[in-house]
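Features from Swiss-Prot:
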BINDING   CYS16, CYS192, HIS218, GLU222  Zn(2+) binding site
BINDING   LYS253  ATP binding site
MOTIF     18-28  motif ''HIGH' region'
MOTIF     250-254  motif ''KMSKS' region'
Amino acid sequence: MTMNLINKKNLNIYLCGPTVYSDVHIGNLRTIIIFDAIFECLKNKGFSINFLHNITDIDDKIIEKAQELGISEAELTEKYTNEYFKILEIFNIKKPTKIVRVTEKIEKIIEYIKLLEKKGFTYYNKNNDLVFDILKIPNYGIISGQKIESLLDKNTKKTKSNNDFVLWKKTQKGLFFKSLFGLGRPGWHTECAALIYDYFQKKSLDLHGGGVDLIFPHHENENAQHFALTGNPIAENWFRSGFVNLNGKKMAKSLNNVLLAKDFSHKYNPDIIRSIFLSINPTVPINLTEELIKNHKKLIEKYQKICFEWYFDKKNEKTEKVEQVLNLFIEGKFAKANFLIMELIKQKENSTIRKIFLNLRFNFTKMRLDPESQEKIKNWNKLIMDKNYSEADKIREELWKIFKNS
């Protein structure tokens with residue numbers, strides 16, 4: 001990931017959030033955990049982060065699940081929205097600057113669609129849905145590399161595309177809203193584009209995030225709408241994370257092959273998944289296995305020990321090394337960053353390593369020795385000076401137990 005941050009200090013950033021009809025799986029957290037770490041690295045360099053994250057709380061899947069359970073869409077989405085917020089806390093992910101539910105902004109979304117209609121980018125399809133005409137956008141395909149010719153509908157003599165997408169779906173099934181376009185609800189691509197347009201006051205984002213699976217059609221269609229209204233791309237920089245597979249197979253609810261984030265947190269230290277996600281370059285697929293989890297469990301224990309050892313040897317951190325590693329994370333060069341961390345570990349640069357871990361927001365960096373325990377380090381130092389190593393080891397072991405349980 002290469003970001004153009006020249007002459008910028010305030011960054012506007014957006015990440016598509018979950019569709020809240022069920023619990024999120026561990027793969028859903030890859031982008032937001034990476035963002036959480038990168039944002040802290042950027043703040044360390046003096047950047048201010050304005051981060052918008054949406055909650056999709058109206059969708060066909062939500063309606064179907066609510067009807068299946070015999071409850072309202074609002075009851076269902078409130079439950080899973082709150083569950084998602086709990087997950088963010090458990091995995092030590094800072095809440096975004098602003099979280100917005102789609103249903104809170106229906107009027108703004110309708111206004112957005114009106115602007116697209118007024119500018120002549122829409123038509124009604126055979127179902128009487130209001131649809132966006134992608135052929136009106138000369139650079140459609142610029143985000144995903146799609147060729148417009150390949151998207152044309154052969155049955156309409158090349159005047160329409162199979163990929164024209166719904167702005168407003170006409171329906172009275174489940175939750176619906178009044179609008180000039182009829183009773184219905186907005187399309188997913190339009191929800192995100194409208195929220196970005198409204199919250200960031202028509203400006204292009206500095207960074208838009210999401211999974212690689214969203215490049216087409218979602219990101220392409222967001223960009224098309226923003227370009228239609230402003231003549232500018234929706235984002236100057238894109239960050240996309242690769243797939244997270246489980247035991248060699250795609251992790252997906254539809255395939256019944258998932259590891260829920262809450263189940264992961266019950267079984268493992270949440271820092272383990274942060275370590276995994278920050279060890280592999282963002283776009284590279286990850287195959288989550290017991291062996292990989294076990295390896296990173298050992299790594300986290302090693303990192304914890306380094307933070308403990310810092311109390312016994314608080315030499316000055318090497319600021320230039322901290323900056324070098326954090327810059328690599330910002331650039332998405334995670335493998336190189338981790339190589340440098342391992343070199344610093346060999347050199348026993350505990351202060352430098354601890355500073356890096358603080359910026360990557362590992363939960364174990366909150367582990368502390370209280371003032372009373374730190375006083376015991378003075379006794380430890382004296383015992384070392386007196387070459388009473390057995391008693392010194394006892395104090396060290398006692399302090400390690402206190403540190404681990406802090």
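Using N, Cα and C of the backbone, Cβ positions are placed for all residues, glycine too.
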So which residues does the motif ''HIGH' region' (18-28) touch in its own chain, when a touch means Cβ under 8 Å and the partner is 6 or more beyond its ends?
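Same-chain residues near the motif ''HIGH' region' (18-28) but 6 or more away: 55-57, 59, 61-62, 65-66, 76-77, 80-81, 83-84, 87, 243-244, 246, 251, 253, 258-262, 264, 273, 288.
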Can you give me the Cα-Cα distance between HIS218 (Zn(2+) binding site) and LYS253 (ATP binding site) in Å, rounded to a whole number?
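Their Cα atoms are separated by 19 Å.
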When the Cα of the residue listed as 'ATP binding site' is compared with the Cα of each of the binding-site residues CYS16, CYS192, GLU222, which one is closest?
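For the residue listed as 'ATP binding site', the spatially nearest of the binding-site residues is CYS16.
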Look at the binding-site residues HIS218, LYS253 and tell me which residue has the greatest number of other C-beta atoms within 10 angstroms of its C-beta.
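That would be HIS218, with the most Cβ atoms nearby.
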Restricting to the same chain and to sequence separations of six or more, state which residues have a Cβ under 8 Å from that of CYS16 (Zn(2+) binding site).
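Within the chain, CYS16 (Zn(2+) binding site) has Cβ neighbours under 8 Å at ASN54, THR56, CYS192, GLY209, GLY210, LEU214, HIS218.
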Applying a 10 Å Cβ distance cut-off over all chains shown, what neighbour count does CYS192 (Zn(2+) binding site) have?
30
Setting CYS16, CYS192, HIS218, GLU222 aside, what same-chain residues sit with their Cβ within 8 Å of the center of the Cβ atoms that define the Zn(2+) site, listed in sequence order?
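Nearby residues not in the site list: TRP188, HIS189, GLU191, ALA193, GLY210, LEU214, HIS219, ASN221.
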Kindly report the helix/strand/coil residue split of the motif ''KMSKS' region' (250-254) according to DSSP, in that order.
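Here the numbers are 2 helix, 2 strand, 1 coil.
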Which residues does GLU222 (Zn(2+) binding site) neighbour through Cβ under 8 Å, counting only same-chain ones at least six apart?
HIS189, CYS192, ALA193, ILE196, HIS208, ILE234
When DSSP states are folded down to helix, strand and coil, where does HIS218 (Zn(2+) binding site) land?
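The three-state answer is helix.
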Provide the three-state DSSP residue tally for the motif ''HIGH' region' (18-28): helix first, then strand, then coil.
3 helix, 2 strand, 6 coil
